[in-house]
Amino acid sequence: MIVGILGCGAIANTIVNEFLSDDGIDIKYFYDTDIERAENLAQISNGIAVLEMDEMLDNVDLVLESASPIALKVHALNIIENGKDLMVMSVGALMDKEFRQKIHKAAQANNAKVYAPSGAIVGLDGIKAASIGKIKKASLTTRKSPKSLGREVEEEEILFEGKASEAVERFPVNINVAASLSIACNMDIDVKIIVDPKVDRNVHEVLVQGDFGEFRSSSENVPFAANPKTSMLAAFSAIKLLKSFSECFSVGT
Ligand SMILES: NC(=O)C1=CN([C@@H]2O[C@H](COP(=O)(O)OP(=O)(O)OC[C@H]3O[C@@H](n4cnc5c(N)ncnc54)[C@H](O)[C@@H]3O)[C@@H](O)[C@H]2O)C=CC1
Ligand SMILES: O=C([O-])CC(=O)C(=O)O
């Protein structure tokens, strides 16, 4: 499988450095609006930096988007309409129902697959199982440092309380996890975002209640030094999903 990367920042750097093109997967093409970032990853992996997405589309089987929700909106349909699979990190863009439906239809029409790794959130396996019954309530409380959220505060402060659809609009590169949870639950979940000078990790607490019973998950994710908004776990989840394509045994939903 030949993979192209759209967006060569913190997540892409970890994927390239950890993955090293084993398991029959060759991460070969790189695109970024900042060409130096694409060239840097191309050099590390003996790959090719391109100036336009169209330069990679004929040659890849899958594009891994790790850029931004806006980049996903610009490029997703073109990727899928070229019959290429797509792995999405900027899941927040998919809270736009019309856009999600277009992606769904295009994927069906072009025999393409769209994957959203679990990213920085823990518990999607349980939610997917729970969604076979009725999910009655789901909420996410995210706590990040002032550096992660780009705020100067002396004490913890609630920055947002409301629905996931609004959270992803207001914090597009900080709360994609709310979209992943919402899509898995098939509801616009409740979200609280807290800036807390006492934490240096990205903390996500999830509560889900439904026919299955109830679960809580809590993760204290180590952020990237290069981009403290983003948890290392998000890059690891994409790597694990890429590796799973060549595995013959799978555990978890
Ligand atoms: N699903 C999840 O759980 C998570 C998702 N994310 C999302 O994944 C995405 C990538 O995250 P990071 O690697 O931490 O970000 P980053 O900011 O470190 O890297 C993003 C890269 O994409 C490039 N870029 C931005 N817009 C572009 C465009 N229109 N075309 C081409 N390149 C473009 C930037 O120049 C940058 O090099 C972000 O949208 C982030 O919010 C981040 C963490 C968790
Ligand atoms: O990486 C994280 O902890 C969460 C994040 O930034 C996102 O969901 O966009």
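Here the Cβ of each residue, glycine as well, is placed from N, Cα and C on the backbone.
Under the heading active site, TrEMBL lists H204. The NAD(+) binding site annotation in TrEMBL covers A120, N176. As annotated by TrEMBL, domain 'Aspartate/homoserine dehydrogenase NAD-binding' applies to 7-117. Marked as domain 'Aspartate dehydrogenase' by TrEMBL: 154-239.
Positions of TrEMBL features highlighted on the structure.
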residue	record	DSSP class
A120	NAD(+) binding site	coil
N176	NAD(+) binding site	helix
H204	active site	strand
Neighbour count (Cβ, 10 Å) for the residue listed as 'active site': 26
Packing count at A120 (NAD(+) binding site) (other Cβ atoms within 10 Å of its Cβ): 26
N176 (NAD(+) binding site), number of other Cβ atoms within 10 Å: 30
Confidence summary for the domain 'Aspartate/homoserine dehydrogenase NAD-binding' (7-117), mean pLDDT rounded: 96
Rounded to the nearest Å - Cα separation of H204 (active site) and A120 (NAD(+) binding site): 8
